[in-house]
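Colleague: Got these off TrEMBL a minute ago, pasting:
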- 142: active site, charge relay system (ACT_SITE)
- 215: active site, charge relay system (ACT_SITE)
- 545: active site, charge relay system (ACT_SITE)
- 200-216: compositional bias 'Basic and acidic residues' (COMPBIAS)
- 34-110: domain 'Inhibitor I9' (DOMAIN)
- 135-605: domain 'Peptidase S8/S53' (DOMAIN)
- 373-460: domain 'PA' (DOMAIN)
- 660-765: domain 'Subtilisin-like protease fibronectin type-III' (DOMAIN)
- 200-225: region 'Disordered' (REGION)
- 1-24: signal peptide (SIGNAL)
């Protein structure tokens, strides 16, 4: 080939590639996505005569003749959501009166014995009267509700609170009679979901508040379900199931669907919940971390908190990795997960006479007596990751009639049991890998199964590899109570530090989130798999999705006892009365490591609701405190308005500090030996200011501090605080003098105020950067 011909062909190829790239880029520009548009209402032209909806429409039509508004917002933000191309979004952002044009984010769900474990059953005389609790309305943003469950029985409840402004929306398989004096409201929000993924298929999903997933029914009945005697899952965890605040009212807002939870729907749901008059708002959902002014949940939660609504959110299921938290805004109560003192044992017996303990919720035909052939899935698969038992990965000829060992991870645990069953296996041993350690989560498997920890799993796999004809059998036990130690921090529970604002310690606290029994949908079986034809009224599942509604319901109890308290005061009461040690004095353990857990794992500790009703002192905070916090973050006036829905300009003559937010815990980032400027530093001194409000009787409180490390000296001034009347406020200062430590070092301490009756505790987390 001549050089000139080659060059001509090369030029033609490059031109073609360039054309393809241009076309692809043009297509990308033309693809429409959902955006949430924040408007500055103060800049609305007078010609619209205070008709902001007409103004919104005019602004939208200035860049797109075809776009329609999905939702308009007026309570938690001013603005609307719509579908735009990238070019249209860019043009709209340049229009007058537009604060921001944010791409919609997709959020995910963070997916009986509990009242007794928390001490509620033994302390009913200390709890607020039922008529007071029945005035509290718990709103739940989730996957909807299965209203026929006895968890929503309204027997004995008086008329719906007069403050309620909500409604019971009618839709597929849901009528106005689905609500009652217990389930007082139900709405659904699908416009963002349908705009992103197309029209809802009403053969598989109800376009109504009805719950087709189970998650929303489980969370709302955990928070405030009525007492239901004789509840269980296949006779496991049998007893009376009731929510944390069984007399409180429930309102559900379905913003999560089988394809996920979309930001425009969540914003609309939170807005309606605020307008309807809920008192507590529970969201067991989360997404990737972002600055507060770009975070849908944080923005909605601020407006809710400003109107006296406590917002409780799940911390996330990203543990045990550090810095894996969601929902870290200081006006949100962020909840991690711990275990209960209840277990569902299953036992593996091997042909070498070794026995191992695991866990299972299987209830069906047991394995025949005697030992069965045992095979490791990796040796019975054509897949390079055959040990995970993913769909259609097993070779039936190598599995049929055997017990199969599958590794945890990669695909749902219950799905693995279905894969084994379809391949002809008779049983499954689900083995934890080092990613999961010794954490055991119970599931309602589709064939005899025992889930075992990493140590047992490794031993079983070693037995298989060591000789010919390995055999085993699985035996299932009954529910065990008073399992110790408990609680322990769940391995999946997301951990600190707070990557958005390291000066705010998160999570705030932990609550039961492992193997929780609560109400379930009638639309799917306990595994959620299409092949699972079993139907149950209660299910046992795990996640910070389960711990969040525990705190939501407990917050409702505290609110009923103290209706005059702010959301910050209620959160403070729950945090400062939490416990961090067992009755033996040992620190709560982290199941991921087997070692003592830290405030990055459990925050202030494990919730103690009875103590929270009488905390003695609280760390209160108002809207003004959070505005000062945002100023300390150097937010602009526009960013503050996006976050708070308020016009506020930071005072340039005032020095704002993150250390002065009146938070019930302390996170203390410290400089390393080299310092940020590169020079050597012998020590670092930082001061934090806090104000305590007396919510008890007159008393004098004395302070005590402890620290795990001699590298930090802690002094408190003054060392005692005397309160002579209710709601009196006293301020104190904590000074931390820290010697240098290597970057990445962490250590912990604790500060407590006590009058002999009350202990007001705050965790301290030190981290050298």
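Placed from the backbone N, Cα and C atoms, the Cβ positions cover glycine too.
TrEMBL entries are annotated by machine, without manual review.
I would like each feature placed in context: is it buried or exposed, what are its neighbours, and how far apart are things?
Modeller: Every protein chain considered, the tally of other Cβ atoms within 10 Å of the Cβ of residue 142 (active site, charge relay system) stands at 28.
Within 10 Å of the C-beta atom of residue 215 (active site, charge relay system) sit 26 other C-beta atoms, taking all shown protein chains into account.
Confidence across the domain 'Inhibitor I9' (34-110), taken as the mean pLDDT and rounded to a whole number, stands at 92.
Remote same-chain residues near the region 'Disordered' (200-225) are listed as 109, 111, 114, 138, 140, 142-147, 149, 151-152, 168-174, 178, 186-188, 190, 193-194, 241-246, 248-250, 252, 254, 256-258, 280, 282, 284, 516, 518-521, 523-524, 528, 539, 541, 545-546, 548-550, 552-553, 556 (criterion: CB distance under 8 Å, separation of at least six residues from the stretch ends).
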Colleague: If you draw a 10 Å sphere around the Cβ of residue 545 (active site, charge relay system), how many other Cβ atoms fall inside it, taking every protein chain shown into account?
Modeller: 30
Colleague: Give me the Cα-Cα distance between residue 545 (active site, charge relay system) and residue 142 (active site, charge relay system), rounded to a whole Å.
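Modeller: Spelling it out, the Cα of residue 545 (active site, charge relay system) and the Cα of residue 142 (active site, charge relay system) are 10 Å apart.
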Colleague: For the C-alpha pair, I'd like the distance in angstrom between residue 215 (active site, charge relay system) and residue 142 (active site, charge relay system), rounded off.
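Modeller: Roughly 7 Å, rounded to the nearest whole number.
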Colleague: Mind tallying the domain 'PA' (373-460) by DSSP state, helix then strand then coil?
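Modeller: Across the domain 'PA' (373-460), the residues distribute as 28 helix, 20 strand, 40 coil.
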